[in-house]
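Undergrad: What follows is a single structure, and I will ask about it in a moment.
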Amino acid sequence: GAGADNDLYINQAIVFIEDAIQYRSINHRVDSKSLWLYRWYYSRTCQWILSLTITVILALAFIEEPSSLTVTSDVRYRLPAWNPPCGLTESIELLCFLVFVVDVSVKSYLIGWKEFWKNKWLMAYILTLIVSLTDWIVSLSFFCKESVRIRRILRPFFLLQNSSMMKKTLKSINSTLPEMASVVLLLAVHLSLFTMFAMLLFARTKDNQQDKEWVVYFRNLPESLTSLLVLLTTANNPDVMIPAYSKNRAYSIFFILFTVLGNLFLMNLLTAIIYNQFRGYLLKSVQSSLFRRRLGIRAAFEVLSSLKETPASAQQSCVSVGALLQVLQKAEMDSRCKQAIMRSLKMRSCDQLSAAQFQKLFEELDKDAIKQHPPSPEYQSHFMQKMQFAFGHPYFGYLGNVVALANIISICVVLVMDADKQPSERDDFFLGAINCFFILYYLLEMLLKILAMGLKRYLSYPSNRFDGLLTVILLVLEIATFAVYGFPHPGWRPEFMGLLSLWDMVRLVNMLIVFRFLRIIPNMKFMALVVTTLLDLVKNLRAFAGILVVVFYAFAITGIMLFQGAVVPLGNTSVGPTNSWNIGPTTSMTLLWLTQEITLYFMEKNVISWCSADFQAEVIYDLFYILSVHLICRWAKIYFVAWWLISSVIWVNLFVALLLENFIHKWDRRCQRESLSDIEYQRTVELMFRDVLEEPTEEELMEKLHQHPHLQLCR
């Protein structure tokens, strides 16, 4: 009947509006049961379960054999790692696979059979599950003793396919690759030409004493190529040129030309190309997101205009305000946007909305999130008003910054004076006294600001919350110090008592005081601009961090399989290559972070450091050592050069491109927008490009709606 149809239209409009809010595609089934399943699938509970499942299956690598569950990585001190029995991690893995099977089944059903064959991600999802389950069965048939587990490399795919923004980012990167490949090819030509020149310049002579350059760096083609590749990263500069330079100063011209052409021109040209191309592709991706939002809103309008209560005499399609209010009450959306749209509806004199008016209402979704601070208290007393004016003035905050700077300087003076003294020779009286004075000032400053601004307004500023929290922690630590050791006095050097010695507690207090000095950042406009840019990158560009996790994880697991049992630790001939000295996942992941202690760390896993140092290659730390000592691990060169190209050459430049885009955007907005002290603007990635995006036309929207595989429009 008419009532059932109206309920269906209302539910369809709710789902379409929620799709528009989340930038989701509307090409899914729209019958009553499918809509219920669709909303259940995208509910917070289901998405939380799916995210937890992805986290669990990725974390399994840290407890699977070879396990890395040890407190220390030093083989001299660590206890034997706990390896789970066969079937434990496999059971957890099977549960995760079952969740993924349900996930892909629901997704496939909701979009329909025709759309399924067009969706490459879903087909890859099913293929990944089939390969993983097959490998899981093979693993159990070998009683978990197999060394190669293909499904472990495929695990990051589950994280990748679950994020629409990560998929868009990956698509943008893939579209940028041809332009990047041209510069990488130019780099390869540059490297090859200079390699041939180097082999001709530093050829072997009769005098062995003069052949140090040939012996160490340019003995043959692979070693010459490796030496110049590492020089391109400046990791072996100036070591690579010292033997030749000692022989003849003119040889330095060769290395200077190579470095200038490679580093200053080609590498920076690559950064410029990546910035230019990737920004364009990211802009296209955001443009498609805007189209999805407008399409979802228009689809909601079309189904609501089909309600039986719509006047039949209307010359054009329209939607009643009551129907839209009913939809808004049930839709999951930000309370700020919902209240703003409802206020606009209540202020309208007409009960009907046209398509343009309907679309304009939902432009509230595209606006900056604005946070207004609560008003200050109004005091009746003239004296309190003067107090409020004095302690609420910006100059009072500047005075606090000066005091914090004086505190830092005094701590530096004491640290310099006591740098060479033994702990037993130090007199902590002066440091304890000045800490006590400054902490009392910080407490007084916090109380006076609360008096002037009111507690709610004071807490509404992040800088004040940061300031107040550190002040409270400092006060608690100071009271604890006095309670245990008494008040400061000359010769104040109590013995060790409790969990922390006096010196440890004083150091902790001083570290917090130094950290508190960051309060000056909001008062320095240029520094605040840089910091907010970095914070926006952290908050809004999580998709890039997710793809970086995927790359790290895949390379770490690949490193485990390639270099497992490659080397027996020096001086330990009793340990075979197939026992507990194998490289583990924490080892292979920490290779992305370790520097100085890398050698000892990876010997514990029976693989020398140059076979396990992804992060050293990324930050170009001792890359020559990693690439040159490759006689045992033949895969080391290919592995680490691939890692260097992906992480350091491509990924770092992509991050620089996005950092520049975010910074330039903020700088332009700073120049255009008047500074408002009581309003904070919060931007998302989509809003970053809002000013340059093009609105889709009505013809484009209606053409796309008529192509919907499951929605039949009345017009």
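A Cβ is built for glycine as well, from the same backbone N, Cα and C atoms used for every other residue.
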Undergrad: Can you check which of 45-63, 615-633 TrEMBL lists as transmembrane segment?
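TA: Comparing 45-63, 615-633 with TrEMBL, transmembrane segment matches 45-63.
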Undergrad: With pairs 6 or more apart in sequence, are the transmembrane segment (638-660) and the transmembrane segment (45-63) linked by at least 3 Cβ pairs under 8 Å?
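TA: Between the transmembrane segment (45-63) and the transmembrane segment (638-660), which are separate recorded stretches, there is no contact, as judged by 3 or more close Cβ pairs.
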Undergrad: If I count Cβ-Cβ pairs under 8 A between the transmembrane segment (180-202) and each of 45-63, 122-143, 253-275, 429-448, 543-563, which range comes out on top?
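TA: That would be 253-275.
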